[in-house]
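S.K.: Input: one structure, supplied below.
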Amino acid sequence: MNALTEVAALLACPECGDELQPHDRALRCGTGHSFDIARQGYVGLLTGASTKMTGDTADMLDARAAFQGAGHFAPIAAAIADAFGTESTVLEIGAGTGYYLADVLDAHPDALGIALDVAKPAARRAARAHPRAASVLADAWRGLPLRDDAVTGVLSVFAPRNPAEVARVLAPGGRFVVVTPTARHLGELIGPLGMVGVDPDKDRRLADALAGGFTRAEHTLVEFAMKLSRADVTNVVAMGPSAFHRAPADDPRIAALPDSTEVAASVTVSTYLPHR
């Protein structure tokens, strides 16, 4: 039994909201709406035009997978896994490569995961991120294609959030873990390389956005130094929003860097509990 089959009953038809059930190479609701499971292993629940979400490109995901695979963000992944307790099903919104969700599932062997992303290249990657992770192509801003109270944990790492929808799909007693960069994150690179910076008020804005439906229970700063090669730096630029505006492989500013550059990783891992 694969992960999609196991979590199918937690998913909701994006057309009518009914429960979905496996049927051949598709998921189908009782009304008759059917959604194919791609040969790469993900199910497409994206209907109509996307809204506010801009999906990552295949090149961005390749760069992110290379950087994550080198272990540079391993302390962040470990802190995320520690933030979850006995959750039975964890949804990651904007899952990208599925790296962080896979780490959570490794740390919690009885849990199932749902990796949700609006980009097809991400859905393809996430489908092979972990045997217990199901991959879903969907736009969180159009409404999460999950049933009410479907999951016991939700994760958002450097990704947009839809607080009302998270509150709807999160079961009572569940937790919402949010990871955001601080103004120090990658600071040694942002200025010299002209990268997109971090809003210093990001944490406050997050707390304000969630205040109506959640209470912050934990707030942990994860900060450490990384030794990055030029290839690593190229991947950092190529995997983030700066990649929409430039071709990092041809950047003379990266070529001018020393063989190894010390760069700060600085994020907060916050746990929010639903009011209900």
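Keep in mind that glycine also has a Cβ here, set from the backbone N, Cα and C atoms.
So TrEMBL has the following annotated:
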| type | residues | note |
| --- | --- | --- |
| BINDING | C13, C16, C29, H33 | Zn(2+) binding site |
| BINDING | F73, T97, G98, H185 | S-adenosyl-L-methionine binding site |
| DOMAIN | 12-46 | domain '23S rRNA (guanine(745)-N(1))-methyltransferase N-terminal' |
| DOMAIN | 90-174 | domain 'Methyltransferase' |
S.K.: Setting C13, C16, C29, H33 aside, what same-chain residues sit with their Cβ within 8 Å of the center of the Cβ atoms that define the Zn(2+) site, listed in sequence order?
M.R.: A12, P14, E15, G17, D18, L20, R28, G30, T31, G32
S.K.: Helix, strand, coil residue numbers for the domain 'Methyltransferase' (90-174) per DSSP?
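M.R.: Within the domain 'Methyltransferase' (90-174) the tally stands at 26 helix, 28 strand, 31 coil.
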S.K.: Give me the count of other Cβ atoms within 10 A of the Cβ belonging to C13 (Zn(2+) binding site).
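M.R.: That number is 22.
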S.K.: What's the CA-CA gap between F73 (S-adenosyl-L-methionine binding site) and C29 (Zn(2+) binding site) in angstrom, rounded?
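M.R.: Cα to Cα, F73 (S-adenosyl-L-methionine binding site) and C29 (Zn(2+) binding site) are separated by 39 Å.
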S.K.: What's the CA to CA span in angstrom from C16 (Zn(2+) binding site) over to G98 (S-adenosyl-L-methionine binding site)?
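M.R.: Cα-Cα distance, C16 (Zn(2+) binding site) to G98 (S-adenosyl-L-methionine binding site): 28 Å.
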S.K.: If you count the other Cβ atoms within 10 Å of each Cβ, which of the binding-site residues C16, C29 comes out on top?
M.R.: C29
S.K.: When you put G98 (S-adenosyl-L-methionine binding site) at the centre and draw a 10 Å sphere around its Cα, which of the binding-site residues C13, C29, H33 have their Cα inside it?
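M.R.: For G98 (S-adenosyl-L-methionine binding site), the binding-site residues whose Cα atoms are within 10 Å come to none.
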S.K.: Starting from the Cβ of G98 (S-adenosyl-L-methionine binding site), draw a 10 Å sphere and report how many other Cβ atoms land inside it.
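M.R.: Around the Cβ of G98 (S-adenosyl-L-methionine binding site), 25 other Cβ atoms lie within 10 Å.
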